[in-house]
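Participant: Below is a structure I'd like to ask you about.
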């Protein structure tokens with residue numbers, strides 16, 4: 001079998017039987033963005049047909065649909081496909097991770113911390129995100145508690161992701177472009193948005209308890 005030199009850093013990373021990407025960066029990123037937009041648009045349209053759902057809640061439903069499917073499909077594939085870099089066909093999910101590994105070669109190298117975080121995210125947080133859509137749409141009492149829990153899980157995963165990279169030298173990107181685009185840019189949204197949602201849900205939960213306490217005292 002032909003042996004190919006991988007594009008990842010460090011160069012001495014051993015990836016036996018590595019097969020280069022069949023698709024270009026645009027052929028990988030564009031379909032992902034298009035599918036994501038379609039999913040968000042569908043959730044937005046469907047949520048608009050439901051009665052009395054606030055604008056912010058409709059936006060949150062779109063976010064949870066996007067992030068939940070990303071966790072389950074993309075991250076789930078990575079977690080349970082250790083040989084994705086050996087894929088000999090242009091299978092899209094394998095191509096995604098071959099490309100993303102240019103921003104963080106720990107994915108191609110199957111770093112144990114990364115695999116663990118991604119597996120937990122795919123199996124637990126992914127389905128929980130989809131449950132959050134239902135909870136918001138049906139106005140369940142546990143909606144904000146669930147959203148807060150998911151956000152804390154996502155933020156914890158991001159902390160593990162960034163801190164372990166820092167402790168190991170933060171030298172896993174093929175170039176500054178991939179570092180800022182994939183490693184920082186792609187993951188930054190999972191720090192910013194969950195932080196904002198966590199703050200909102202925390203306030204909502206506190207307000208609910210305060211209201212209940214005042215009502216109890218009044219009685």
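Backbone N, Cα and C define each Cβ position, glycine as well.
All TrEMBL annotations are machine predictions without curation.
In case it's useful when we look at the structure, here is the feature table from TrEMBL:
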TRANSMEM  28-47  transmembrane segment
DOMAIN    56-198  domain 'EXPERA'
TRANSMEM  59-80  transmembrane segment
TRANSMEM  113-136  transmembrane segment
TRANSMEM  148-167  transmembrane segment
TRANSMEM  179-199  transmembrane segment
Participant: With Cβ distances under 8 Å as the criterion, find the stretch in 28-47, 113-136, 179-199 that has the most pairs with the transmembrane segment (59-80).
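Facilitator: Going through each listed stretch, the top one turns out to be 113-136.
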Participant: In the domain 'EXPERA' (56-198), how many residues does DSSP put in helix, strand and coil?
Facilitator: 110 helix, 0 strand, 33 coil
